[in-house]
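If you check TrEMBL, you get these features:
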DOMAIN    39-288  domain 'G-protein coupled receptors family 1 profile'
TRANSMEM  25-46  transmembrane segment
TRANSMEM  58-79  transmembrane segment
TRANSMEM  99-118  transmembrane segment
TRANSMEM  138-156  transmembrane segment
TRANSMEM  195-219  transmembrane segment
TRANSMEM  240-259  transmembrane segment
TRANSMEM  271-290  transmembrane segment
């Protein structure tokens, strides 16, 4: 086991082999981070301040927005420092904290998206019983379960990953401290860690995604039984934003954690990792805002209230 008290830091290679690309990436990452901060903070404020958004759907959405804020803040500032100049190091403590938060929040998001799919399933397939089934107490319980599972997963997997015998060069072939990159950095036997990651991927990626697909299969069947085209559009409209977010998130995460072992896949995995760590949290508020009339109306009501306060 590595003596953590005397362990040196790591060198995050990121995209250092493409120096011309780093300036462009800095602008993209910085812009995405600003959008993430503004967009997700706005959704949280709207969900809290507007009483018309005090519903299970927006309760879960505000949880997702808070999660995305924490997720990006755990890695983007360090990423911007590494992209801006020649210094690309991160301390062992910094890497440990980053890994812990990444695992915890990434797992929480997988579970939370599944919970949101269940919420949409009940709303479309059991509309008359929605308020009885998805009551406030259950909402808090489901959200708590998502956060606790994320915490437990990180508590289990982070120590075993950081205890690996790392190669002396300490070069992490990634822009952030993630499990796959740290496993590749090890010069010892990683069989246990690879099995652990594979098992975790099944329970945290494959099972939740399967439940989401089953939910949307049932939703599709229910919507197709609606006679009016307007009713079908309205039903699909309540689910389209969540389905878009699920597609973006899971496609990029699966590309990182379930990729084959070859240099091309690792290079491609870095771009997918950058996408789900930086771009997805900034796109989520836009998807929910542009495709959701209730959020748009709430934003206009908030602006109108602010304008009236300013004029008075």
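Positions of Cβ are set from backbone N, Cα and C atoms, glycine also.
What TrEMBL says about a protein is an automatic prediction, not a curated fact.
Within its own chain, the transmembrane segment (99-118) has Cβ neighbours under 8 Å at 57, 60-61, 63-64, 67-68, 70-71, 74-75, 142-143, 145-147, 149-151, 153-154, 157-158, 161-162, 176-179, 182, 204-205, 208-209, 211-212, 215-216, 242, 245-246, 249-250, 253, 277, counting only residues six or more beyond its boundaries. Pairs of Cβ atoms less than 8 Å apart link the transmembrane segment (25-46) most often to 271-290, out of 138-156, 195-219, 240-259, 271-290. The transmembrane segment (271-290) shares the most Cβ pairs under 8 Å with 240-259, out of the stretches 58-79, 138-156, 195-219, 240-259.
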